[in-house]
Amino acid sequence: MNRSGWHLRAGAVVFAWLAALLVVAVAHRFVPLSGWLLIHLLGLGAASNAILIWSRHFADALLRRPPDPARTAEVLRIAAFNAGAVTVVVGMLGRWWPVVLVGGVVVGVVALAHGATLLRQLRTALPARFGVTVRYYVAATACLAIGAGLGVAMANSALPGDIHERFVIAHAAVNLFGWVGLTVLGTLVTLWPTMLRTRMAAGVEVAARRGLPALLTALAVAAAGAAAGSPLITGAGAVGYLGAVGFVLRPHLDEIRRKRPGDFATLSVLAGVAWLTGSLAFAAVALATSPTWPAAVVAAGDLTAAVLAGFLVQVLLGSLTYLTPVVMGGRAATLAAGAELERGAPWRLTVANAGLLLCVLPTPSLVRVAASMLVLVSYAAFLPLLVRAVWRAHRNRDTPSTPGQPHVAPPRRRLGAAAAGLGRHRRPGSRRWPASPWPPPDTPPPRRSESRACTSCPTRSRSRPETGCGSP
């Protein structure tokens, strides 16, 4: 199976979870446990599947390991994960704790198996500059396994009420800021400058490497504080996590200064990260100042919309908007798919973020309802646009590029540079800029050479020495 076919089939799983999320959001008044379903169709379903698919892809590219052409083990893991996730949903709807237990165990085992596979690749591969990203992925899988265990325990009706409330916060922290947050922060090391079409800032990988232990320590403090029912300790963990996030992201500000985000993908991811940092700041203050644990639970509940709809959804949609055209194959197909996914971008971004702001501020109930409906419409527009993008890309797959079309880096170069060779520092005395799918202004095009094959490209053809990624 070629790369395009694989990602279209695997992406269909993410699409199915997003479609189910939209159905429940529209009919939530008539669906039991609609609040729980909305959270888990998004987090356990759509986001987790996207992480499983793309973290393996980027790990293969970063470590220069060619993927298994049949992808048998990967297919089995994704199938088992979705079977476990569906089992959890069925068990919760039927209030059958043994069923939830089985599904949760499957989810946790698949997460650990995914992490073990990535760790084995990391240990057996040649030294890679951006291997730190894979370490983020491995740490994230451990967080998912812990979060799944907490979730299963919470579903047990025999669990005392006060313990249940503590586990809710710990479960949310480990899954959202561990499983999702660590994956996002690790991926942005290489993906963010590539999305901006600029060279990587100095110190990005160093900040990521030094920031990972701080992130894990802060996350452990927050989860332990929640399990102990201590708002002060939980707040301290939130403060530490916020500081570590700022440390990891700070070098990326130089990339933004050089090339401002200007399309839906980059602006959506940037908005999502902004909601993440804002939510962490609010959580740190609210938890540290809460006099009792019930008050801390209420304060944490106020963050649900900001973290899920503000951070998770926007980062997910922004990433898919960039990556979907990349795997379509062919310059004309990439341009066609990208044009479809950019439709209505200013309106969608403005409505989503302004509406979310109205939802989290102390506005009248009627205003929040209207704003939430507009936010839902702006996000739901992504699904038909995604269908149209795939259709347009398929129709234009064999269309030759015309001279008048604007330059967009071909899929292999964009994705390979994002994962395998972006942002190398100049060596002393060298005139070569850090590798990027788009060279800086006034830089002559690099010469082609017969260097080693690039394992991140499906063709494994001639490669550019600067990026190691196949040229068109």
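Note: Cβ is positioned from N, Cα and C throughout, glycine not excepted.
Remember, it's a predicted structure, so these values are computed and weren't measured experimentally.
For reference, TrEMBL has these:
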- 396-472: region 'Disordered' (REGION)
- 37-54: transmembrane segment (TRANSMEM)
- 75-93: transmembrane segment (TRANSMEM)
- 99-122: transmembrane segment (TRANSMEM)
- 134-155: transmembrane segment (TRANSMEM)
- 167-192: transmembrane segment (TRANSMEM)
- 212-229: transmembrane segment (TRANSMEM)
- 265-288: transmembrane segment (TRANSMEM)
- 303-324: transmembrane segment (TRANSMEM)
- 369-391: transmembrane segment (TRANSMEM)
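Touching of the transmembrane segment (265-288) and the transmembrane segment (167-192) is concluded from the presence of at least three CB pairs under 8 A, sequence neighbours closer than 6 excluded. Note: the stretches the transmembrane segment (303-324) and the transmembrane segment (75-93) are not in contact (fewer than 3 CB pairs below 8 A, sequence gap of 6 or more). Outside the transmembrane segment (134-155) by six or more residues, the chain places 48, 51, 55, 58-59, 62-63, 88, 91-92, 97, 100-101, 104-105, 107-109, 111-112, 114-115, 118-119, 121-122, 128, 164, 167-168, 170-171, 174-175, 178-180, 182-183, 185-187, 208, 212, 216, 219, 223 with a CB less than 8 A from a CB of the stretch.
Remote same-chain residues near the transmembrane segment (99-122) are listed as 44, 52, 55-56, 59-60, 63, 65, 73, 77, 80-81, 83-92, 131, 134-135, 137-138, 140-142, 144-145, 148-149, 151-152, 155, 179 (criterion: CB distance under 8 Å, separation of at least six residues from the stretch ends).
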